[in-house]
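Colleague: Sharing a structure below in structure tokens format, with a few things to ask.
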Amino acid sequence: MLTYAVRRLVLAIPTLLFISFVIFMLLQLAPGDPMAQVPLTVPPEVKQMMREALGLGEPPLVQYWKWLVQVFWTEPKVLVDWMTSETALFGWLPDTQLYQDELRVISWQTRSPVMEIVLQRIPQTLWVVGMSYIVGVLIALPIGIYSAYRQYSVFDQAGTFITMVGFSIPPFFTGPLLIVIFSVQMGWFPSIYDTTHEVTDWASFKYQLSQMIMPVMVLALQTTAQLSRYMRASMLDNLNQDYVRTARAKGLSEAIVVMVHVLRNSMIPVVTVIALGVPAIFGGAIITENVFKVNGIGQLLITALFANDLPMVMTLTFIFAFLIVLFNLIADILYGLLDPRIRYD
Amino acid sequence: MTEPVPASPVPIEALKDKGPDKPPRSKWRDVWEQFRKHKGAMVGGAFLLFITLGVLVGPWLWTLDPQALDIRAKDMRPIYTAIWNSEADVGWAHPLGSDQLGRDNLAQLIAGGRASMAVGWAAMLLSLIIGAGIGVVAGYFRKLDGPLMRLTDLFLSLPILPLLLVAVTLFRQPLRANFGPEGGMFILIVTVVGITSWMPTARIVRGDILALKEREFVLAARSIGTRPFQIIKRHLLPNVLSPIMVSATLGLATAIITESALSFLGVGFPSDFPTWGKMLADAVARMEDFPERVMLPGIAISLTVLGVNYLGDGLRDALDPRIRGR
């Protein structure tokens with residue numbers, strides 16, 4: 001198991017390098033010019049110097065190398081400095097001061113480090129999308145368990161239909177639909193997510209809850225639809241096994257048979273599916289964030305794309321790819337750990 | 001004298017060859033019988049057929065130009081609004097109403113459906129061809145298995161929607177210049193969706209091919225000197241047809257949703273070219289006054305995808321020999 005994990009970790013490095021190279025070369029083909037908005041009175045040679053100041057004068061391979069150095073060497077140094085000076089966890093360590101004013105990855109839009117903007121946006125995304133994922137999982141598991149236990153019952157048929165519908169309705173339709181019904185007609189929830197809102201007392205907490213409920217529900221519908229189908233199929237596979245009959249035959253109560261014996265075995269594939277969905281929390285909710293005006297990571301990517309902010313796009317896409325590779329690895333290892341029948345070596 | 005032996009001895013009763021009662025049934029007939037039992041799949045398939053035919057012949061039945069501006073007849077409501085609101089601005093000239101520029105909603109829905117379905121079918125076919133091709137080659141030729149599956153893993157770890165957005169925004173201009181605004185966008189979206197969605201098909205097909213190629217009939221074919229290409233074409237491909245068909249339906253659903261999502265985010269077809277996603281996106285700003293402009297394209301997308309998904313569900317059941325006949 002350990003050798004397998006180490007081998008996968010080592011394999012992940014060239015994969016990530018290759019992905020980042022492909023994305024970088026793709027972005028090199030971008031037609032835009034970051035100096036397009038500079039007034040025409042600025043002479044061309046000055047514009048050329050400004051381009052070179054942004055790191056655009058070098059050949060692509062050199063640019064790629066510099067980007068690699070910035071992401072894998074400079075940014076970790078900033079991170080270590082921040083951890084030893086600001087956080088409580090490592091604050092007792094002496095301030096390392098590794099970062100010596102090297103050039104970090106700079107956004108062309110705001111001229112500030114990309115990582116700082118990403119860190120500003122991550123809490124909103126984690127709150128809304130992460131919460132929706134948790135809610136989705138919490139709804140999906142009981143539905144999947146019960147509809148498998150009572151296969152072909154009315155509950156199962158209705159559950160299958162609803163998951164099918166949840167599967168099919170895209171979030172850019174459910175989002176506006178919920179806004180029309182609950183913000184416009186009923187007036188219960190605000191249609192725009194206010195990210196400047198701070199939770200200080202009970203009233204503001206209630207407001208936070210009411211502004212989160214619609215985007216969370218839209219995203220949770222998608223998660224629920226996928227996961228409950230997996231859960232149901234996995235439970236059905238296990239309910240007909242011999243060990244279930246044995247457990248019943250030795251007189252265990254039905255609750256223990258289903259909720260302990262069957263559930264624990266059925267959770268093995270479902271846990272890996274849940275792990276595989278985690279990267280989408282950080283980057284997948286582009287459409288929902290757009291509909292509800294949550295200024296999270298997905299919305300950041302869209303605005304960066306439209307503004308032709310290539311360093312931002314590059315770094316964000318790479319972060320997504322990194323998370324996907326990481327959680328693929330975690331899912332595979334979890335599968336091996338949870339299921340002793342799986343041997344990787 | 002011995003008794004003359006009859007020319008053909010009387011067969012023993014139990015071993016008598018009675019002959020089949022019924023004519024042999026073909027596999028596809030069995031599949032169809034099983035498929036017919038799945039009501040959702042029948043309804044879904046019928047609806048998909050209806051939508052496809054509707055967008056194909058629709059422009060001849062409803063001849064209004066979807067892009068024609070008629071500013072005097074702008075902001076009309078659908079005809080059914082008159083049931084509860086007698087003062088609503090309705091008329092049989094525009095049975096589903098018109099938008100803020102006076103373009104007919106019904107004609108736009110038909111034209112938008114054309115775009116969505118065309119993109120969906122084309123992208124699905126492309127991803128099937130790539131996926132099945134890579135899956136078959138990886139499964140059959142052992143030397144290519146490793147590299148091709150690594151490639152599949154690599155594609156699976158790409159962040160798809162961000163990359164789609166990047167690709168569409170980057171390559172819009174050159175393709176538009178070469179193939180016209182609509183043609184260029186069509187090629188771009190189909191290609192991009194196709195080459196980012198073939199991986200599940202490739203994996204499933206490879207798994208099936210790996211199991212199939214060890215079977216006796218493939219060995220027999222090889223022993224009489226059939227070339228690998230012929231083995232694949234004649235013996236392997238027909239046997240992996242069912243997983244390919246099931247992933248085709250899933251691919252169609254994904255392609256339709258992806259195209260609409262791109263249009264919704266404003267990176268799809270040019271702004272005067274109606275698609276379902278763009279109609280929805282344009283209408284969101286005024287959906288308090290004209291909710292039908294969000295509902296109609298939204299329902300169209302959702303029902304089509306729902307139909308396709310049910311069709312896939314039914315196909316999976318019908319094509320699975322373990323379930324069939326139960």
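Keep in mind that glycine also has a Cβ here, set from the backbone N, Cα and C atoms.
Residues or ranges marked as compositional bias 'Basic and acidic residues' in TrEMBL: B:14-27. Residues or ranges marked as domain 'ABC transmembrane type-1' in TrEMBL: B:113-312. Here TrEMBL flags B:1-27 as region 'Disordered'. The annotation transmembrane segment is assigned in TrEMBL to B:41-62, B:118-141, B:153-171, B:183-205, B:236-257, B:294-312.
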Colleague: For the transmembrane segment (B:294-312), what are the same-chain contacts with Cβ under 8 Å, counting residues 6+ beyond its ends?
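Modeller: Same-chain contacts beyond the flanks: 38, 40-41, 43-48, 51, 78, 96, 105, 109, 112-113, 116-117, 246, 249-250, 252-253, 256-257, 260, 276-277, 279-280, 283-284, 287.
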Colleague: Considering only Cβ pairs under 8 Å, which range in B:41-62, B:118-141, B:183-205 makes the most contacts with the transmembrane segment (B:153-171)?
Modeller: B:183-205
Colleague: Mind checking which residues of the chain, 6+ beyond the ends of the transmembrane segment (B:236-257), have their Cβ under 8 Å from one of its Cβ atoms?
Modeller: 116-117, 119-121, 123-124, 127-128, 131-132, 135-136, 140, 193, 197, 200-201, 204-205, 208-209, 212-213, 218, 301, 304-305, 308-309, 311-312, 315-316, 319-320
